[in-house]
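Remarks on the structure that follows.
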């Protein structure tokens, strides 16, 4: 967020300081105190160290651990604080059982300093209108033709698309591309290596050969699964009076010797005591039956990607971090300065999502099978399963058995970015916290931690989130998670939407017929009757272009518009962060030149510095 020049102060040498801390340090050295009668800022502890952590008077001795940082008197001139500090935002409940949000019914309710700048606002609103117009034109065009064959989707596959989306259109029916998406598509978060055969996979008599193949792959550690059980029992949407359908598939995949991930069997619905054993679909089945089974998987992946891994695990989590930061940390606090570039625009984009995308009458209700209320059920279940470790790639990828997996490009790049981000965070934090006791004694920091875990995330300490920081390492790990979630993870989850969702049959937003119970009766009419209709397909293309396109005012990871740290050592840490990112950029570029399907979502130059779309 921009700080007006009038809010900036000049230091003794005449240079601008964004935070005014040099001014306070100089006042302290000259022996000046604060003017009498000035009211202290509500909810803030006033005693402040230069560009460091604020302290209660009884804790001043702790600041001797802050190397080279002087203790200064209370902040008295509120006009010198970053504009972002006033007013302090309030929490609100969007839906019971979900993370808390900022208290704003619409974007106009947000403070001006949390709003889009005019250029951003105009671009966002213009592209949404342009997409709506394109949707109308496509619907008019398709009225001139039929909608009976897969090729009929070509009628709307024009306008906004990408090079990769064209490859998806050509190859979406291939098993190889189907498997590839679990590793490197827009949702690489569900796949895991099997350590045993899933209990829900019921193999009827006559499938002894399949069981032997699965057990052989299991012994070779080359058997993987993607289980969508979270969707089981979720109520499906009703669109324009027509019932939509959901399933909770299980996919078993194997990795061959060349590193290709290939599906072996699909169970569209889990077993139930009240219904016959669900059929298992195999690559050897009639082509249309196998294609429809994969379409059900891709539809389920669309739901969990958008709701669990995109909306909840990046957008809503980033908003909790943002609101807690604004509420608990003063503008001179090093953690505030570290995080503020990474929560830019998050308040408004999330508020717009709640009023335009997932609201009553929004895009989800008009086109997506979990719309109309099902999406809230999915989010509640997903939050109940959200763990701290699942947000940290080293822990998450190890738990899913994906470390060192050939061809797992997301996993490789995410680990490298986590390491680079961790070094940056550690470099900054170690400048201001010279021991674990300083971390433990920082009242604002501890309040911020509790605000995130106990308040914003609704008592998430039972899922591994900390309620206090006891050491530098614990603090650095948590801050690395915060920065990574708001930048790299959102980039990995958001950027691929245009590539993988523009060709609607590859990731249908809804299914209009129930899952097949037999293989022999699946016809082209069954497939086309199940996939989205013209209006739903057009809406899917429009919204994935709108949300997945590169933003014109995009700020790449590590390139901050405002210089919140004036300390030369902090600037040096940021410079090293930028150098590390540039080196990773070159490595990824060189690797991608050798690949048929380049993986670019975690190229540092393409990662936004905060959740802005």
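Just so you know, glycine gets a Cβ as well, placed from its N, Cα and C.
Here the structure is a predicted model, which means the values were calculated and not measured.
Pulled from TrEMBL, these are the features on record:
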REGION    1-58  region 'Disordered'
COMPBIAS  47-58  compositional bias 'Basic and acidic residues'
DOMAIN    59-613  domain 'Lipoxygenase'
BINDING   310, 315, 490, 613  Fe cation binding site
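There are 25 other Cβ atoms within 10 Å of the Cβ belonging to residue 490 (Fe cation binding site).
Shown in sequence order, 311, 314, 318, 349, 493, 494, 547, 611 are the same-chain residues outside 310, 315, 490, 613 whose Cβ sits within 8 Å of the Cβ centre of the Fe cation site. Predicted-model confidence for the domain 'Lipoxygenase' (59-613) is 89, expressed as mean pLDDT. There are 21 other Cβ atoms within 10 Å of the Cβ belonging to residue 310 (Fe cation binding site).
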